[in-house]
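Trainee: According to Swiss-Prot, the active site, N6-AMP-lysine intermediate annotation covers K123, on the basis of sequence analysis. For D40, S41, E42, Y43, D44, S89, L90, E121, R144, E179, K295, K319, the entry in Swiss-Prot reads NAD(+) binding site, with the evidence type sequence analysis. Annotation source Swiss-Prot lists Zn(2+) binding site at C413, C416, C431, C437. Per Swiss-Prot, the feature domain 'BRCT' maps to 610-689.
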Amino acid sequence: MQNIDLISEEEAQKLLEELADKIAAYNHAYYIEDNPLVSDSEYDQLFNTNLKLEQKFPHLILENSPSKKVGAKIANKFAKVMHQVPMLSLSNAFDEQDVRDFVDRIKIFLRLNEFAPIFCEPKIDGLSFSAVYKHGVLTTGATRGDGYVGEDITANIKTIKNFPHKIDNVPEFLEVRGEIYIEKQDFLNLNKEQEEQGKDKFANPRNAAAGSLRQLDSSITAKRPLKYFVYSGGVTEQNLASSQDQLLTKLKECGFNINEISKLASSEEEIFAFYEYLKTNRENLPYEIDGVVYKLNDFALQNRMGFIARSPRFATAHKFPAIIGQTKLLSITVQVGRTGTLTPVAELEPIEIGGVTVSRATLHNFQEIARKDLRIKDYVFLQRAGDVIPKIMGVDFDKRPNDTETFDTPLFCLSCNSKLHYTPEDIIIRCDNGLNCPAQNYERIHHFVSKNAMDIEGLGRKQVEFLIDKGLISNPLDIFFLKEKNDSSLAKLENMDGWGKKSVENLFKNIEKSKNVSLPRFIYALGIRHIGEQNAKLLARAFGSYNNFIAQMELLRTNEPDIYQKLNNLEGIGDKILVDIIDFFDVKENIELIKKLGEILNIEDYKETREQSSLTDKIVVFTGSLPTISRAEAKATAEKLGAKVAVGVSSNTDLVVAGVDAGSKLKKAKELNIKIIDEEEWLTLIKNV
């Protein structure tokens, strides 16, 4: 990763665009597919790089910035549940200084002179849930989803042992939130059963819990050893208690499982002592934890602190360092992705790290192999932080055998044998053979049918590979003529290995169902390089309809300047992504394929959904010292209500909130005849909003 201190604005913009798409893909894999693609530590590193870039270049913050979002858009197989209060993620602290900074921010924000008590509890490595009770009866269970809309898992959550279906002496409407998990020993037993039944094993306890909870058939969930802890309320917690410790006591009285391992800390020293205790004893716990959560104990103070885009200000997660192991590097294989990117993968002698058997690790790019001087038969250090794909940290040079073998970067594509064009300085190496490369074509079709694209259930990797190998499909369009081809063929799909009458019927139904698709999902399904879900949404918003989109994209091939300018003006579409879009639509076959898809699909026009308030899009300026609230708190409240907080007064300013000793900004506001109010009027205004 580039040095943030030395990076130019142009480089920063490109990197922010790349990070937005990359992190969005990782979020989807983790939250929706229960299949993390990178380690926690690598994800955190990418996310922190994004934050540092945004802090240095705030004017470059993208609409689809990862810092504004949590989780991922939910899949379509479950009904949607809107969270009345968003289920946001937590910011991370990686060392003691980060924790001290967290405590200091609380003091500054709230203007406190003393340490405010902090509630400390283990961070369970499971799946977050919400459960709603009306008149004491469980009515809705939901996953976090994207933080705003989750999946309805009511039937499944009711199968969990000791999960209350009915509770007494509570408000008419009660929401509790917590974590569903599988204990370590239960995970090992479950994987043993999976293996005996010839089914795929789960990667880790979290994946097992997530996969078990997100079953369409609740009888399958009922057979899984799921457990839970509740750790907060949603819209009702202040009706039950005035602090976190009181709330958990009340929830326990209601019959919920709470984690008894906790600490109400009255100093930083007590916080760190609890962290060290859990870090030392984590292996002795029956379940996996990956850190400690710190929350302001007082709910009134929590409310004053509020939230930023994706996390609360009043809480943070102090992460544990990753688990380190050592094993032998057996070989290095190369994968070819849908856009032609070649990625090296380390094949390892299987090793158990933190209860999970690891046999592969991504090497990200070929420069990393040279930089770390990795050789086949080397003994390497692995880092794992609770997820499926570990990271190779380096080589144990003291144990290097005499017969190690260096890895030669390929000169030709391992799939189509076309020559790879790159220089030794290139980080990313690609095959430029496009859809003539079997590996790229396979990955493109698999991407097209994936959950967040066309979402054709029943077409996983194995099925796509089978259909291509049998010559039944060769491009995305062929999928929609598969039934017609099968009906007229003597060799029926249902009679082939791995298929049956029911599975084929369901597949054809799902293909037909997928023909109704939103414009953002359709654009994402095309597999344009660097066009992830968020950038696909940007394009859909810009062009509105399929017909306008394809017409404008055809103009790209005629070098029409207006369309270049329109794309260039889109926030989030930089020069690099613009080149990728142009390259994609410069291929005549791509245009023809999209047109044919447009003839058989019902592609819905883009629809914007946005909540409004009387302050939405209003430009507000704060000046002077506010008597009872900090400037940070005032700004946070304004932004929460949809206002845009500016640092200077201009003719575009809608409102100025003036405190004590307001100077030139107040004077300019008067000159421009802009509405001016004091803190008391501001507090009344936001209360009424």
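We number each residue from 1, going along the chain as drawn.
From the backbone N, Cα and C atoms, a Cβ is placed for every residue, glycine too.
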Trainee: Looking only at C-alpha atoms, tell me how far R144 (NAD(+) binding site) is from K123 (active site, N6-AMP-lysine intermediate), rounded to the nearest Å.
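Mentor: R144 (NAD(+) binding site) and K123 (active site, N6-AMP-lysine intermediate) have their Cα atoms 16 Å apart.
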Trainee: Provide the number of Cβ atoms within 10 Å of the Cβ of E42 (NAD(+) binding site), excluding the reference atom itself.
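Mentor: A 10 Å sphere around the Cβ of E42 (NAD(+) binding site) contains 21 other Cβ atoms.
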Trainee: Name, in the order they occur in the sequence, the residues of the same chain whose CB lies under 8 A from the CB of C413 (Zn(2+) binding site) and which sit 6 or more residues away.
Mentor: V336, L342, K419, L420, C431, N433, C437, A439
Trainee: Do me a favour and check the Cα-Cα span between E42 (NAD(+) binding site) and C416 (Zn(2+) binding site); whole Å is fine.
Mentor: 31
Trainee: Nearest by CA distance to C416 (Zn(2+) binding site): which of the recorded positions is it, out of D44, L90, K123?
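Mentor: Checked the recorded positions D44, L90, K123; minimum Cα distance to C416 (Zn(2+) binding site) goes to D44.
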Trainee: Fill in the CA-CA distance, L90 (NAD(+) binding site) to K123 (active site, N6-AMP-lysine intermediate), as an integer in Å.
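Mentor: Per the Cα atoms, L90 (NAD(+) binding site) and K123 (active site, N6-AMP-lysine intermediate) stand 11 Å apart.
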Trainee: Give me the long-range Cβ neighbours of K295 (NAD(+) binding site): same chain, 6+ apart, Cβ under 8 Å, in sequence order.
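Mentor: Once residues fewer than 6 apart are set aside, K295 (NAD(+) binding site) is near I118, F119, E121, Q244, Q302, F314, A315.
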Trainee: Measuring Cα to Cα, how many Å separate K123 (active site, N6-AMP-lysine intermediate) from D44 (NAD(+) binding site)?
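Mentor: Just about 16 Å between their Cα atoms.
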Trainee: Which is it, of L90, C431, C437: the one of these binding-site residues whose Cβ has the most other Cβ atoms within 10 Å?
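Mentor: Of the binding-site residues L90, C431, C437, the highest Cβ count within 10 Å belongs to C431.
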Trainee: Provide the three-state secondary structure of C416 (Zn(2+) binding site) computed with DSSP.
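Mentor: Where C416 (Zn(2+) binding site) sits, the three-state DSSP reduction gives coil.
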Trainee: When secondary structure is assigned with DSSP, how many helix, strand and coil residues does the domain 'BRCT' (610-689) contain?
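Mentor: For that range the per-state counts are 28 helix, 17 strand, 35 coil.
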